[in-house]
Amino acid sequence: MSAEPSRNPRTPPVSAVDIDGAAKRIAPVVTPTPLQLSDRLSAITGAAVYLKREDLQTVRSYKLRGAYNLLVQLTDEEIAAGVVCSSAGNHAQGVAYACRSLGVHGRVYVPAKTPKQKWDRIRYHGGAFIELIVGRSTYDLAAAAAVDDIERTGATLVPPYDDVRVIAGQGTIAVELLEQLNTEPDLVVVPVGGGGCIAGMTTYLAERTANTAVLGVEPAGAAAMMAALAAGEPVTLDYVDQFVDGAAVNRVGTLPYAALTAAGDMVSITTVDEGAVCTAMLDLYQNEGIIAEPAGALSVAGLLETDIEPGSTVVCLISGGNNDVLRYGEVLERSLIHLGLKHYFLVDFPQKPGALRRFLDEVLGPNDDITLFEYVKRNNRETGEALVGIQLGSAVDLDVLLARMQGTEMHVETLQPGSPAYRYLLL
């Protein structure tokens, strides 16, 4: 699924000149990140595929670029009043690092459910210049507390994406990749959350290249930019899947939306499901040794679901690498489901000896494994329900497995990914 903005160009909120200026401002602090050719992705697509490694940025994401570009332009009065942001992730770390670098005091509001290791990283980057304020239960409440703060204290709010200084800062990634590539790419693939990064990069590429196209990639469960383009304005999503947390926003920024509509048909938006993102994460780790967070792997996941012109030059932005190692169990699970290797069933077992053994002998194939078995014995009933997870040796074995199940006396219900029962019992 993809969508394109209006083909009636408008004036973007920032310009290439603004972005060039931002590149000069942030140069003392921001690390130029590598642009690396991926032999694997090049072989798969038939194109020359490069990875722009913002996961190797100082705070392990591109967010420092926009935060620093905003803070470095504050007036003396604004510096004295300090800055405020609300974030549970990369934006907070970028703001914290920029505050310490410039000697600006800041307050970061984070939801109470934020993992402690993220608190620790924010404190590490900000040092004595950052006050971490924890307490509100959700991000929306933390954001509301930040707004209350600036109204009460006169501090400057540092938005994660809906600010021209932030957009210009994120756009410096495009400045860098053009210098490193030394030619015009045919396609640049960018993850999309609130839209600040794709807005800045698209604006710069629109002015500084002749024929470069931009593909924005959103998680299917948080497709806020696609919804905005379809509606003709930013809209608020009723539900957002939080798994790809770095891109899980319910409404894109007004300024990023304006930048994309101004770019016309050079930019398009596509979505990928969260399982494809997990598969891309694991492939990047196992093949390139890249530890990408879910949002950081969006571009590669989108690339692999897009028809690419053989012989073309493509750049994929790996936007961040702040991943929690404790999430890898869920990452692997979602990837196996996406690849058709993991399936779940509700099975009514006869409550008599040998029922499980018969299931193993009659239903399971030689390369299939039971990965989950939760059984509840019922008194005064002839059958008992079990939740059964099966991992196949190959995705093509599913039809054979289902046929064997139908040939038994047991009633079997396949749980479909995305259904309410599936989400309740499993993910």
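Backbone N, Cα and C atoms are what each Cβ position is placed from, and that goes for glycine too.
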Given Swiss-Prot lists Asn90, Gly193, Gly194, Gly195, Gly196, Cys197 for pyridoxal 5'-phosphate, the same-site residue among Ser319, Ser335, Ser394, Ser419: Ser319
Annotated pyridoxal 5'-phosphate contacts Asn90, Gly193, Gly194, Gly195, Gly196, Cys197, Ser319, maximal Cα-Cα distance (Å, integer): 15
Cα-to-Cα gap, Cys197 (pyridoxal 5'-phosphate binding site) vs Lys63 (N6-(pyridoxal phosphate)lysine), nearest whole Å: 9
Additional residues surrounding pyridoxal 5'-phosphate, by Cβ distance to the Asn90, Gly193, Gly194, Gly195, Gly196, Cys197, Ser319 centre under 8 Å: Tyr62, Lys63, Pro160, Tyr161, Gln170, Pro191, Val192, Ile198, Gly246, Ala247, Ala295
Least surrounded among the binding-site residues, given as Gly194, Gly196, when other CB atoms within 10 Å are counted: Gly194
Collapsed DSSP category at Cys197 (pyridoxal 5'-phosphate binding site): helix
